[in-house]
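*Asks:* Once you've had a glance at the structure underneath, I'll fire off some questions.
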Amino acid sequence: MKILIAVVFGCLLIILSFSKYFNDQLLDATTKDIKESERPVDKLIGGLLTADFDEGSCLSRYHKYFLYRKPSPYMPSEYLVSELRSYEMLHKRCGPDTKAYKEATEKLSRDEYYASESNGECRYIVWLARDGLGNRLITLASVFLYAILTERIILVDNRKDVSDLLCEPFPGTSWLLPLDFPMLNYTYAYGYNKEYPRCYGTMLENHAINSTSIPPHLYLHNIHDSRDSDKLFFCQKDQSFIDKVPWLIIQTNAYFVPSLWLNPTFQTKLVKLFPQKETVFHHLARYLFHPTNEVWDMVTKYYDAHLSNADERLGIQIRVFGKPSGYFKHVMDQVVACTQREKLLPEFEEESKVNISKPPKLKVVLVASLYPEYSVNLTNMFLARPSSTGEIIEVYQPSAERVQQTDKKSHDQKALAEMYLLSLTDNIVTSGWSTFGYVSYSLGGLKPWLLYQPVNFTTPNPPCVRSKSMEPCYHTPPSHGCEADWGTNSGKILPFVRHCEDMMYGGLKLYDDF
């Protein structure tokens, strides 16, 4: 028994950081050998992925599904698969390095208004990076869905670190916006904001919209300080004008997908794309987001070392909002209260209950936080007292950087690796409002337990709630609907678009459970 305690003690007290763990490792482009007998039958996920890629160039695209102990129960619709293949062909015809793209950018540079809507089949929407990695991923998925619905080409601003994190998602072309794109220089000189003269919301407020004179581009402003006029871009009447504009430039930090369902034209297509409404991000993320080989090496090595032998895996993601941030006892108490109340972790016993007839189960807890104290304290709790179930509890935290360092390559790579590791757990607890958490549980097809935001530095009661949907929350949606639904609470227009559990009076979320 003493030997067992010593071994467990030695395992639990080590919290490995990615920087120390992986700097000692050489990137192995082949990863571990996988026996043919262990390969899943459907590495293309029901046709969600195309086979038109070289596997070695991006190991995670197909190999990441070997790590799942069971396949996702959510399969893409045939219509979604068909639309993705159609989009890939359109992107190949209109993407960077094509004649169509060159002609479109030349027209954009001339900055001439159009008298008609005839601009060919190639129209574009440019995504500008903003805020942390979680925000960037949920907005990329949102903008890509909008591109599918409107038959536009998504181009991604790569002045940040997108290409260091993610592989190209479309075969035979690129989604990266060329650095000589004429409007990029403008962003450095002035910046895109509500005061930008071709901001759609500003043009509406200034009565500057003329249906017979089409601007060469519009800027869509959809961040936390957006006005109601900015949020009208998804409405049917507004889309009839916006659809004629060849170039859209969008800056957003929000998952605006729920609002797209409020447009009847979009809704007709969305219902066919996603019969299971809570699967939007789950499918789009598995299609779009494939970590680079460097990031995937981090994921596979950490998983093999610490998670692969567990009987059960629990992910806990802790984000402390506001100032000061850091380790707080009331947050630690909240995590323990939630996990024990929901039977995710066992209670503590004063004396050990050893069942010699069968070996104890191993439950591994993966903690993602900027602060190491949460995993250290959780470790110490189970070292000090045995679990009521007799399970062995091991706690691991891949990194603890204390400060968010957005746009630092190594920091963002670790963050992406941890999102994927969390998505590979069996159950997950995440902080409410956290886009890092949204990406992790939705990517894994998991319905999370959401930790309520503490008020006045006290532990909430109840500490958490089980979400009925695995979709992210749209934090700053329009407060009302469009046209006929103007003035109606946007969370009460459709039975499947309702307020979020972690933002009861503001956010919107998609649900299948009516």
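Each residue, glycine too, has its Cβ placed from N, Cα and C.
On a predicted model such as this, the values are computed, not experimentally measured, just so you know.
Got these off Swiss-Prot a minute ago, pasting:
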| type | residues | note |
| --- | --- | --- |
| CARBOHYD | ASN185 | N-linked glycosylation site |
| CARBOHYD | ASN210 | N-linked glycosylation site |
| CARBOHYD | ASN355 | N-linked glycosylation site |
| CARBOHYD | ASN377 | N-linked glycosylation site |
| CARBOHYD | ASN456 | N-linked glycosylation site |
*Asks:* Below 8 Å Cβ to Cβ and six or more residues apart, same chain only. Which residues does that give for ASN456 (N-linked glycosylation site)?
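*Replies:* Those within reach of ASN456 (N-linked glycosylation site), by Cβ under 8 Å and sequence separation of 6 or more, number none.
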*Asks:* Highest CB neighbour count within 10 A among the glycosylation sites ASN210, ASN377?
*Replies:* ASN377
*Asks:* Roughly how many Å separate the Cα of ASN210 (N-linked glycosylation site) from that of ASN377 (N-linked glycosylation site), to the nearest whole number?
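*Replies:* Given the Cα positions, ASN210 (N-linked glycosylation site) is 62 Å from ASN377 (N-linked glycosylation site).
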